[in-house]
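Structure incoming, see below.
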Amino acid sequence: MSETVALKKDSGGSAPGATPLLELRGLRVAYGAIEALKGIDLTVGEGEIVALLGGNGAGKTTTLRTISGMLSPRSGEVLLGGDRIDGIKSHDLVRFGIGHVPEGRRVFPRMSVQENLQMGAYRFKSVDAAQLGRVYELFPRLAERRTQLSGTLSGGEQQMLAIGRALMGKPELLLLDEPSMGLAPLVVQQIFEIIKEINAAGTTVLLVEQNAAQALALADRGYVLETGSIAMSGPAREMLADSRIRAAYLGEGAV
Amino acid sequence: MSTQTSSARSEAAARLRKVNWYQQPMVKRLFGMLVLALVVNAMTGEQGSSSDLFLSLKDGFPSTRMWIILAIAIAIWATREFAAEPVKSGSRSVRDLVTQAPAVVTVRERLQRDKWTRWGVLALVVVLALVIPGQLTGYWQTVLVDQIAIFVLLAIGLNVVIGWAGLLDLGFFAFFAVGAYSAAYWTGSLPVEPPIELNNFLVIPVAMVTCLIAGVLLGAPTLRLRGDYLAIVTLGFHEIVYIVAKNADNFTGGPQGVPQIPPFKAFGYEFPVDPMPYWYLLVALVVIIVFAFSRLEHSRVGRAWTAIREDEVAAAANGVDTIRFKLLAFAIGASSSGVAGVVYASKVGYFNPENFAILNSILVLAYVLFGGMGSIPGVLVGTAFLVWLPEILRDKVPPSDRYMYLGALLVVMMIFRPQGLWPSKRRQRELKQAEEGIGDADAMSEPAGGRI
Amino acid sequence: MATDVTTPVDSSERSADTVLSTAGVTLRFGGLTVLDDVNVTMRRGEILSVIGPNGAGKTSFFNSLTGVYTPQQGKITFRPRSGGEKQLLGRKPHLVNRMGLARTFQNIRLFGALTAIENVKIAAETRLKSDPVSIMLGLPRARKAERASDEKALTLLRFVGLESKLNELAGSLSYGDQRSLEIARALATDPEVLLLDEPAAGTNPTEKLELEQLIRRINAELGVSVLLIEHDMRLVMSVADRVVVLNFGKKIAEGTPSEIQRHPAVIEAYLGSGADDAAAVEEMIAELEAEHPAQDGADGAEEDQ
Amino acid sequence: MSLHEFWDFLVLGVVLGSIYAVIAIGYTLVYGVLQLINFAHSEVFMLGAYGGVLALTAVEPGSNPSALGSVAYVALGIGAGAALGALTAFGLERAAYRPLRRHGAPRLIFLITAIGASFFLFNLAGKLFGRDPTSVPEMYDNNTVATVFGAQLKTTQVLLLASAVVMMVGLDLIVHRTKLGAGIRAVSQDAEVASLMGVDIDKVVSRTFVIGGLLGGAAGFLYGNFVSQVKFDMGFIPGITAFAAAVVGGIGNIRGAMLGGLMLGIVETLTVPLFGDEWRNVGAFVVLILVLMFRPTGILGERVGRTA
Amino acid sequence: LGLTACGDDGGDSASGGDSYKIAFQGPLSGDNVALGQNMERGVKLALKEAEAKGDLGFKVEYLAVDDQGDPAKATAAAQKAIDDKSVMALVGPAFSGPTNSAAPLLGRAGLTAISPSATNPTLTEGHKYATFLRGVPNDNAQGAGMATYYAKKLKAKKVYLLDDKTDYGVGLATVAEQGLKDAGIEVVKKSVPQKTPDYSATAKDVVNSKADALIYAGYYQDLAPFSKKLKEAGYTGAGISGDGSNDMKFVELAGDAAENWYLTCPCTDASVEQATKDFAANYQKEYNVAPGTYSAEAYDLTNMVLEQMKGLGKGKVDRKALYTALSKATYKGLTKEFSFDENGEFGGTDIYLYQVKAGKIAYQGNINELAGS
Ligand SMILES: Nc1ncnc2c1ncn2[C@@H]1O[C@H](COP(=O)(O)OP(=O)(O)OP(=O)(O)O)[C@@H](O)[C@H]1O
Ligand SMILES: Nc1ncnc2c1ncn2[C@@H]1O[C@H](COP(=O)(O)OP(=O)(O)OP(=O)(O)O)[C@@H](O)[C@H]1O
Ligand SMILES: CC(C)C[C@H](N)C(=O)O
Ligand SMILES: [Mg+2]
Ligand SMILES: [Mg+2]
């Protein structure tokens, strides 16, 4: 019922789209006494790639987990296409077209590649063969290893599988948590390429990355999270040029 | 196009976000209380009968008792829902009055700071432990010696294995049996003659060594197994020891058991039937063992155990000889269990394989966890309490229902206070971290997947 | 098979200087060959980096060196400073560690519920003698050992810059601190060779720079040889003396960083046009800077704790 | 032991083993989703037995029911047993394990809770239904149905074997062919991520318990019928053996549980003529230890170790 | 902690001299409770009647001591009676195993244990338990009776002899084996411990052994499933079991499979024998069931104890005196005349045979007479 509609990419790509697909308003999230998000506001326009940057423990993962319903906010709102979705459990949220590729890949190790992909389509009555074909087209490596147990895949292959699995749910909004972590340079490039392709095909992307340079090179806009608050935001290209960003996240001239 | 889908989405979102009346926590809690009331009603009802299976159900549902219990349940629920604040603040102020009173605070601080105060308190506890039981009736003295003290000794040993080294041992009681049979053997009470008959006191070290060896023999082939597997293998070991005790009639005397084991004798003094001398002996043993073990806990050995418990691979990679330390834990635990076996055998004078039924291993484990795994005071208090409880219940509830209450208590305790009565600091931290999703609080195995 | 692009080193010099060498190491899991005839030689005092695509067998190589896995074939020889030769193949992990090889893990593995100093002490104590009996009796020997391990742990924590967090729980430290702690713990076993598995994964560029410094200091100040697995080429290129490249379990190249960077097989299998990509980003930045005259970024990096 | 006798005992072993197999599946299923040794499963089994007997007592089969009547009674017994078993398992999960799951309690806590629940349940059953055994009403004439290699197969044995096979095949289909099965497998491997795929964890866990309960309860009734009496503490020994069987087969692996169950049933039964009845449990546990020594994760357990 | 609170909890309140207690020890919970209950009711009935008559001059109360039929639990249970200083005598322990473990304690405490049913022959050997008195013929008689019956009456060729590994079962089986062998009968002797859940393999073994007769030396709770499995395995020979199985509960549990089983007992059927008819009626009235195995014997022994207490007189009853009196006394009870030799052993050797017929345990009469010897 909530089939994703392919949208053309906003040609301008710089400003938030007219219709923000995702909106966070004053979001506060805490683990027990520790407040990990201290009231953040963030929007992702339809068709955009937005990069969320920040140091370790800044709260990036927490943000994504809150959006996909694994954590519930202490206060604040999460809106998807204008509707409040905070408080909805993650397994229900899947129906709203949110795909989440978690930190550290987390494939189902004792299922084959194909079974993992089928799990991605769990929310549908049956697995859409065409979509499966598209994913295999996007990741020919996975097609080769259809029957291999995914626990024995290499890190990069697992990352591809995790993304492919999320795509099987035909998400409108794809949340990616550090997709380049622990991957070989070549694979990192491939992954970024693929993200670009997915986005071009109409999926909106919220990308969390440590690898700031590449993330910003890819994204339309960016946010920087520092200890639970948004420290900076703006068009990606401008952020790339910002000297503070460059000092802190591109490793230039520091120390 | 997208307007249509988005309106469908709005509806779905609104529906999913809506909390129906029956989903309200308050209502759920009411429901829970009602179910609980019915369970309590079943627990406290008439003893059923195998010739009329419906007797107890017919009698209890419905009955006046049922209505009363339901009313109480609803009253408790209502107090919690509607008058929680006054009650809580009341109890808080009482607690503050007690815990924050200047006198209490200074005492606590002195306890924390001053080593000598601590020693003083400990000495006082020991003195009380020596004096008070003298005032009890014979029955309770017997319970204290035959059960509480013996189980305490066992629990301290098992605590080393599971609380410190994190090895899930479901067959611990088997070592107790080994100790008891050693005592029987070396005092010449078994069908087979020992090479020389020993004084019971001398049997203690012999039994310790025997159990130590048994511990190592059991441990060596099984310690490479993952936690859960270790559990079932040790359970199997216990079963095997039990069955051998029962069936190797020519050696163990079989199910008829071992009669007439002589009591302790020293310098012409023979321990009488009276439990008190045994009590002093056991207190001495407990004090010595507690003293030695707590030194161990805060030494490199204790730290190595913790390391193994938390991450065996990392421990080995940092030079910790994991097998050796695990065996050490097994052996130490087993030998203290063996001591308990000797004292028990000498005290009661008669035992048979049923004394070592498999349920006991599970019980000791429950005692350790109830008290607070890894914490010596916790284990002492928890075991004493749980052994005492069924005894006191004997007169309060139908005797055969006692273990029903024990089981219920364990479940409630694990849900509301999983760290145990008196947890160790380390263990509490582990639990807290486990709750936050960092690491695994027991070495039962590598986490095979995510947490649920 | 392996294309060795280094200028061959004088063999006598090599053997004299070698601290660790593998010969024909082959590891299989079922039908899968994870390491295939791997020959690697590490010189005393160098920083040697192992790179290669995901699943190339780097971690498995570490696991084989440290006794976690036992390769089916091959020889692993360790030459301690004290002289002699020791075979490591098939040795248990703790014994390998005692000989002088220490490691960290790809996914940090600390003892989370213990404090920072306790973590380090556990490692330090494996080098000290005190038996359970003397501990239980509280003999002076045991007390002395306890003091010694305290001191050693303190020194090492100071070395990695964690002296202010001695009594914090390892599990509650920040990611970067956990990394440092894991390294300190490894160092506490007095290794001659330190094996680091992707220490820079998941850290940001600033933290990477700090890590780079730490690795250099370990190498220079403590005289420990370092074997480093890393995907971050910037770190590898700047810190490593030499680089070994694995692919599909085979060594495909070996050489200095700059040689490796230009090695066609390595570029194809591993680096891709990554170097160019980075360059492209640089270019783009330069362009942008030209457009918007540089902003003042004086109050720059305040983000790291 | 002559060959003929061997077949005799083998048949008995297979019958006993198939019961163990069905119980073992309950352990393995729960272990799969919660990594929990559900000690209380033996009580699910016991209550299932009582469930069947209660239902039969309520309808009171006459002494010699007709053929059709026999079938109806057996079906009623199995159905009621399965129902009470499922209810017990469901209640257990709700009341005891779910709260623990909520605060991510470590597995040891789960284990002790399970032990506590087990104590509670079997003593409660003793309280409700009396502590001495109740006989299972006769539902059919226990005739010889077939002869295999000279060994006679009785109605009871055929009934048991057939039901066990049906249950096992059914379960295998559910787990490998249905979405619920996919959900169970996903939750067992990574629950959090499963929920990201749209799997409702609570529901899956709950249903897993219910399935295990259905099987355990039905097996309980069948076993009660097999040994002709039910008793409040009847769950303990078959429970432990079935648990061992699950481990022998490789815990978490459903087919392994079936294999392990059969194996232990056969070994246990063959021990009787070879060494005497008193050693039967030793046989099972010796097999357990031997298997684990050579295959530390059980016969069909996973072999992939974790990379450091 | 709480321990101190229970100091005043023991219950040694009485012993003023006008109130005593008589305890009964046996399985009152756990397995084989029917056997314990039969006796407990006999004891209670005796006490109740004495109270109603009111000619004792002091009050006598009842104390239940539950050993669950388990030797391991018997010591703690007996301790309860020992600790209660107003307990003057203990009827029981009911089973031989628990007697073996508890009697030493009772002996040291000087508390008389007078058992209506513990039949293991060795219990009285060499007077090893100082205060144990047996009020029943021991299993030398019962085992021999079984053997005689098989040899003479049923002319068995091969007997499968199974014991349950309890003191009672082993004792009985040993005697029976001897008797059978003396009569030239082939014997296959095996043991299956009590509480074995599944008897199908053993039943198969019985059939395979081609024995034409079977002796089960154990209690009803195990015989019931065993007999069912025997039937299922196609065993058609004779079966005989002892007093441990002689209870309606056996028939209830085993159903059809119990048919034709012989049961022996050193006890008579209270409802049949003339002397106990009144007792049986009162019992029936009080408990709404017919008296069971050893109900009447327990009743008799309780009365014997009461008589001796009365003889000692109010205020003069103590454990020691009572034991001395009892050990020398002769008492003519409803079932038989009770007296003890210097080991505390009972004099008689009469064993009676019963058989399950049409779902009832039918009394047959004295076994030796029936066997025609
Ligand atoms: N399960 C948890 N329990 C308690 N605190 C947590 C938990 N998960 C995260 N935190 C804390 O919340 C804060 C934000 O963590 P988060 O994982 O969102 O950071 P991040 O930006 O994703 O970092 P990284 O780059 O390391 O992935 C940190 O201080 C972290 O310690
Ligand atoms: N215990 C094991 N059982 C089976 N296969 C294994 C095992 N350990 C590693 N492998 C396989 O060996 C190959 C090499 O893995 P390894 O972890 O060594 O790669 P890596 O080079 O460290 O990769 P990455 O850069 O992603 O960490 C992979 O295909 C992996 O699946
Ligand atoms: C009550 C009786 C059946 C007891 C049995 N005669 C025994 O000695 O144990
Ligand atoms: Mg993160
Ligand atoms: Mg790796």
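Every residue gets a Cβ built from N, Cα and C, even glycine.
All TrEMBL annotations are machine predictions without curation.
The transmembrane segment annotation in TrEMBL covers B:66-83, B:116-136, B:148-165, B:170-188, B:200-220, B:227-245, B:278-296, B:327-345, B:357-390, B:402-422.
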Mind pulling out the one from B:116-136, B:148-165, B:170-188, B:200-220, B:227-245 with the most Cβ pairs under 8 angstroms to the transmembrane segment (B:357-390)?
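Between the candidates B:116-136, B:148-165, B:170-188, B:200-220, B:227-245, the best contact partner of the transmembrane segment (B:357-390) is B:148-165.
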Give me the stretch from B:66-83, B:116-136, B:278-296, B:327-345, B:402-422 with the greatest number of Cβ pairs under 8 Å to the transmembrane segment (B:148-165).
B:327-345
Given the cut-off of 8 Å on Cβ pairs that are 6 or more apart in sequence, determine whether the transmembrane segment (B:327-345) and the transmembrane segment (B:402-422) share at least 3 such pairs.
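Stretch pair does not touch.
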Near the transmembrane segment (B:66-83), which residues from the same chain, at least 6 beyond its ends, have a CB less than 8 A from one of its CBs?
26, 29-30, 33-34, 36-38, 40-41, 44, 60
Could you tell me what the rest of the chain brings near the transmembrane segment (B:402-422), counting residues at least six beyond its ends with Cβ under 8 Å?
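For the transmembrane segment (B:402-422), the list is 43, 366, 369-373, 375, 377-378, 381-382, 385-386, 389-390, 393-394, 428, 431.
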Can the transmembrane segment (B:227-245) be said to touch the transmembrane segment (B:170-188) if we require at least 3 CB pairs below 8 Å and skip pairs under 6 apart in sequence?
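In this chain the transmembrane segment (B:227-245) contacts the transmembrane segment (B:170-188) - 3 or more Cβ pairs sit under 8 Å.
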I'm a bit unsure how to read this: which one of B:170-188, B:200-220, B:278-296 has the highest number of Cβ pairs shorter than 8 Å with the transmembrane segment (B:116-136)?
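That would be B:278-296.
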Hey, which bits of the same chain come close to the transmembrane segment (B:278-296), Cβ under 8 Å, at least six residues off its ends?
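Distant Cβ neighbours of the transmembrane segment (B:278-296) are 126, 129-130, 133, 141, 144-145, 149-150, 152-153, 156, 159-160, 264, 271, 302, 332, 336, 339, 343, 347, 376, 380.
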Apart from its near flanks, which chain residues at least 6 from the ends of the transmembrane segment (B:170-188) lie with a Cβ under 8 angstroms of it?
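For the transmembrane segment (B:170-188), the sequence-distant neighbours (Cβ-Cβ under 8 Å, at least 6 residues beyond its ends) are 154, 157-158, 161, 194, 197-198, 200, 202-203, 206-207, 210-211, 214-215, 218, 231-239, 241-242, 245, 252-253, 258, 261-262, 333-335, 337-342, 344-346, 351, 353, 355-356, 358, 360-362, 364-365.
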